[in-house]
Amino acid sequence: MLLILAGLRPALLKHKLVNVLVEACLCSGAKDDDATSDPGKPQKLSKKKWRMKFRNKPASNEHLPWEERLADSVTPLWRLSYYDQLQLKQKHQERILLQLSDQVLCGESTQHKALTQCPSPPRSTKLSFPLLPILPSPVRDGYRNKSTFSVNRGVDGNPKTVGFYVGTGKAGNIVCVNGDHLLNMPERHKLVARCYQDFLRLSALEPCLLFHDGGHWREVTVRTNAAGNTMAIVYFHPQRLIPEEIEVHKSSLVEYFTQGPGAICQLDSLYFQESSMTRCSHEESPYQLLHGQPHIHEEVLGFKFRISADAFFQVNQGAADLLYRTVREMGLPNGAREGGGGGTLLDVCCGTGAIGITMSPRADRVIGIELIQQAVEDARHNAALNQIQNCEFLPGKAEVVLPGLMGVLGSTTDSGGPLTAVVNPARAGLHYRVIRALRNHSSIRRLLYISCKPEGEAMRNFRELCCSPDPHRKLTGEAFRPTVAVPVDMFPHTPHCELLLVFER
């Protein structure tokens with residue numbers, strides 16, 4: 001941990017609470033990739049030992065007001081200057097990438113063992129490829145364009161409190177705390193949350209805190225864009241209410257936000273989803289538009305994108321501009337500029353098509369793959385909205401669609417240009433069959449991997465891309481090598497950032 005904090009000001013190093021919070025944040029999700037006091041003499045701590053080390057760490061902020069305790073949970077770096085936040089994130093990304101650098105340098109022969117076991121602490125202190133300075137977020141406060149507010153008992157015991165949790169269900173000490181003071185929340189999100197809380201307290205229905213205990217009103221999601229448009233999605237557990245009864249409460253919700261006190265929110269879209277599950281898709285339980293427009297729109301790098309109720313979009317529009325610009329500059333061959341000539345781009349886990357569409361002017365052809373059908377429809381709409389003719393988007397699991405697609409593409413693309421892949425998976429990383437298809441297709445010479453948690457399952461993907469050929473695991477293609485990494489601060493005041501890692505062969 002001392003290695004990670006080396007760049008912080010001495011005065012901050014003396015702040016015990018900050019140190020404990022930062023250490024816990026970086027270690028809780030990093031398995032055993034965290035720094036030791038002496039990189040030259042690494043302590044090989046297993047995942048289980050790391051867990052035991054921090055599981056029983058006493059809470060250090062119980063004496064603080066609830067607002068500060070929530071801020072420490074949601075935005076753990078809020079006590080640090082933004083400069084110090086960036087320094088800490090830069091060093092943490094370097095520490096993570098040293099694991100990958102070690103493997104590439106050592107060229108371990110026992111690759112199967114290396115891929116299936118937790119990585120040991122790095123042996124070297126220097127990366128084998130450049131890690132560029134972290135790109136700071138253009139907006140540091142109130143940057144989130146999507147927030148989900150929970151409903152539970154507040155500090156005063158009122159079960160109709162809207163905010164964020166402090167505590168855990170397992171420990172039985174959950175308290176819902178208002179989030180008005182959180183630095184990453186925009187004022188419009190806070191306003192909708194306050195109004196939703198007021199509506200709940202006026203409603204005759206109880207909130208749904210635990211599914212088996214009954215109740216109906218659940219959380220609310222707020223989505224906004226740079227133009228100031230606002231979408232709210234209210235989640236509702238029907239329990240045993242008949243449709244006619246539910247209609248009455250939907251009408252009261254609309255009346256509150258259009259003619260009542262909630263009209264101050266000036267909602268452009270109000271959605272309602274009935275669900276007896278924690279999370280479900282539009283296909284499983286349709287989002288019902290109760291008021292306003294079905295979509296809001298966002299702009300990135302001069303392209304417009306339609307935002308549906310459940311569509312994925314980066315939560316920080318300004319930082320997304322930086323990320324996608326960097327992907328565009330590094331993803332296509334040198335000299336590929338507006339007007340094509342960049343060959344074919346494979347956009348795996350493409351979401352609503354943001355990466356492929358922003359890169360389309362430099363590519364001859366863009367093929368996107370996405371699991372969620374609604375996102376595919378949004379991507380196709382976005383291509384048409386921007387008058388893009390060279391993009392196609394395929395629905396389905398990447399591990400099912402990609403292997404067959406690679407066979408169709410053959411050894412060269414239609415234009416005879418290069419084949420480049422961009423992958424932007426969820427935290428679970430890419431399925432092994434996706435990695436195998438990408439690795440074994442010899443025409444892919446450059447692959448860009450975007451990860452918000454490179455120390456997690458993404459590290460397994462990195463190793464599978466870079467390990468020596470392994471016929472036993474059907475990884476027969478030439479190994480990739482990391483050539484450059486760029487962190488982008490998508491989440492100020494938190495320990496997290498997006499990492500763009502470029503692989504070539």
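Yeah, the Cβs are placed from backbone N, Cα and C, and that goes for glycine too.
Keep in mind the model is a prediction, meaning the values are calculated, not measured.
Features as listed in TrEMBL:
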type	residues	note
ACT_SITE	Cys452	active site, nucleophile
BINDING	Gln314, Glu370, Asn424	S-adenosyl-L-methionine binding site
* Asked: Near the Cβ of Glu370 (S-adenosyl-L-methionine binding site), how many other Cβ atoms are there if near means within 10 Å?
  -> 26
* Asked: Including all protein chains displayed, how many Cβ atoms other than that of Cys452 (active site, nucleophile) lie within 10 Å of its Cβ?
  -> 18
* Asked: Near the S-adenosyl-L-methionine site, what residues other than Gln314, Glu370, Asn424 in the same chain have a C-beta no further than 8 Å from the centroid of the listed C-beta atoms?
  -> Phe312, Cys349, Cys350, Gly351, Thr352, Ala354, Ile355, Ile450
* Cα distance, Asn424 (S-adenosyl-L-methionine binding site) to the residue listed as 'active site, nucleophile', nearest Å? -> 9
* Asked: How many angstrom lie between the most widely spaced Cα atoms of the S-adenosyl-L-methionine binders Gln314, Glu370, Asn424?
  -> 16
* Asked: Taking the Cβ of Asn424 (S-adenosyl-L-methionine binding site) as the centre, how many other Cβ atoms fall within a 10 Å radius?
  -> 23
* Asked: Counting every protein chain present, what is the number of Cβ atoms, excluding its own, within 10 Å of the Cβ of Gln314 (S-adenosyl-L-methionine binding site)?
  -> 22
